[in-house]
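If you look up TrEMBL, you'll see 18-262 marked as domain 'NADP-dependent oxidoreductase'. Annotated active site, proton donor per TrEMBL: Y51, in sequence order. According to TrEMBL, the site 'Lowers pKa of active site Tyr' annotation covers K76. Annotated substrate binding site per TrEMBL: H109, in sequence order.
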Amino acid sequence: MNRAPAVTAGGSLTVPAIGFGTYGLNGLPALDVIRQAVASGYRLFDSAFNYENEGAVGAALRSASVPREELLITSKLPGRHHAHDEAIATIEESLLRTGLEYLDLYLIHWPNPGVGLYVEAWQALIEARERGLVRHIGVSNFLPDHLTALMEATGVTPEVNQIELHPYFQQETQRAFDREHGIITEAWSPLGRATDILQDPVLTGIAHKHQITVPQVVLRWHTLIGSVPLPKSADPQRQVQNLTVAGISLDEDDLAAIAALDRPAGRIWDQDPATYEEF
Ligand SMILES: NC(=O)C1=CN([C@@H]2O[C@H](COP(=O)(O)OP(=O)(O)OC[C@H]3O[C@@H](n4cnc5c(N)ncnc54)[C@H](OP(=O)(O)O)[C@@H]3O)[C@@H](O)[C@H]2O)C=CC1
Ligand SMILES: O=C(O)C(=O)[C@@H](O)[C@H](O)C(=O)CO
């Protein structure tokens, strides 16, 4: 059963309203967790070359109980392989690791502006899409300047920008830029990776008022602001809980209270893409 039937459109890509994060799910134990996620109703999966779990994600999804065409499988290019030929080899390697015939979505993981090769990496992703290795291409952690540079250099707009986004870091300006350019905004660490956000008294109060959980408040908020959250949970009950938010009615007071939680310095690990480098 697909518990997140709503979609967000951008360009030619349509994705479920909520996807599944796989960071930290590795090796054989990951297989059951990811198969369980499919059974829970997830269809959009997020992995990365650097998570070292493309093998587990691919194996789990190849043996999943739903047809391949219902699944959207994502991976990402690491910063150490932005140079064109290395990027192509890395995308090919991602695909081989998954054992799939194609990936649905491939992203540049971080812009790494100090390295300065993200336009070259983008040209490699465009080629990979033309060759059918990947069906859709996008970026992660890109700021407006980085996106503008890609679009001006190639004329090709990323279909997705996956960014840090949660009630303590709401990214209104970046979301508006993405929206204006038809780019889908996906949210990483949508639950703040279970840090103090889940104990926040404002969110706890809203959860109590609606007789739901704080993660449900937060995930419903994501879908209402047009963000596609990618919560990770290894727990089957939490997987279902996180996906069962479509019928929740947050009112104007709730939304105003959540909007007021935004903090200029709200990034969990202070990873500002203008300066942060991840290889
Ligand atoms: N592009 C990028 O740079 C980045 C991308 N990502 C992607 O985003 C995904 C999600 O982000 P992530 O950092 O994993 O953090 P999340 O915000 O998804 O939080 C995951 C944590 O929340 C817990 N959790 C999940 N659901 C519940 C619930 N209902 N109640 C209580 N606790 C819950 C999980 O524990 P448990 O498993 O025990 O339920 C886990 O500890 C990643 O897995 C990855 O795919 C993440 C970081 C950066
Ligand atoms: O998980 C990812 O995709 C990352 O890019 C990590 O760097 C992430 O930001 C993290 O794990 C921070 O501790």
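Just so it is clear, glycine is given a Cβ too, placed from its N, Cα and C backbone atoms.
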Calculate the distance in Å between the alpha carbons (Cα) of Y51 (active site, proton donor) and K76 (site 'Lowers pKa of active site Tyr'), and round it to a whole number. 9
Find the average pLDDT over the domain 'NADP-dependent oxidoreductase' (18-262) in the predicted model and report it. 98
Rounded inter-Cα distance in Å - K76 (site 'Lowers pKa of active site Tyr'), H109 (substrate binding site): 5
Please state whether DSSP places Y51 (active site, proton donor) in a helix, a strand or coil. helix
Tell me, how many other CB atoms lie within 10 A of the CB of H109 (substrate binding site), whichever protein chain they belong to? 23
